[in-house]
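*Asks:* Can you read through this structure? Questions will come right after.
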């Protein structure tokens, strides 16, 4: 339990730093749409789909190593990189500014693009192993 907790913490720290870097890098691109969080969630969904397929298909790892990889990268890094709470706060901020249609569009694009990304990531990796 202690090692898994450490792996989640390390992965989460790096994921949060990567999210911060991406949101800072994209802040000047759009003042209305929270592009950084949108990209984090879409990229994270793509990667989690790829990781799911990789861990299912590859025989490189035994079950114990797969658990360590999953806790470090999926639960830790991607948990720190993607964020539902920031997404929700961004929506609240848009609504408070009266930008209802932008908020609705942001919700739709975020959910649909993230879902498409996780499916795409999964099947890209599954295709490699078939």
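Placement of Cβ uses the backbone N, Cα and C atoms for every residue, glycine included.
For reference, Swiss-Prot lists these features for the protein:
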{"type": "BINDING", "residues": "79, 82", "note": "Na(+) binding site"}
{"type": "TRANSMEM", "residues": "2-22", "note": "transmembrane segment"}
{"type": "TRANSMEM", "residues": "36-56", "note": "transmembrane segment"}
{"type": "TRANSMEM", "residues": "71-91", "note": "transmembrane segment"}
{"type": "TRANSMEM", "residues": "100-120", "note": "transmembrane segment"}
*Asks:* Using Cβ atoms only, which residues of the same chain lie under 8 Å from residue 79 (Na(+) binding site) while being at least 6 residues apart in sequence?
*Replies:* 8, 11, 12, 15
*Asks:* May I ask for the residues of the chain that lie six or more residues beyond the transmembrane segment (36-56) and have a Cβ under 8 Å from a Cβ within it?
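*Replies:* Those are 18-19, 22-27, 66, 69-70, 73-74, 78, 81-83, 86-87, 90, 106, 109-110, 113-115, 117-126, 129, in sequence order.
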*Asks:* Is the transmembrane segment (100-120) packed against any residues at least 6 beyond its ends, judged by a Cβ distance under 8 Å, and which are they?
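*Replies:* Contacts with the transmembrane segment (100-120): 32-34, 38, 41-46, 48-49, 52, 87, 90-91, 94.
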*Asks:* For residue 82 (Na(+) binding site), what residues in its own chain, 6 or more apart in sequence, show a Cβ-Cβ distance under 8 Å?
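*Replies:* Result: 15, 19, 40, 41, 44, 45, 48.
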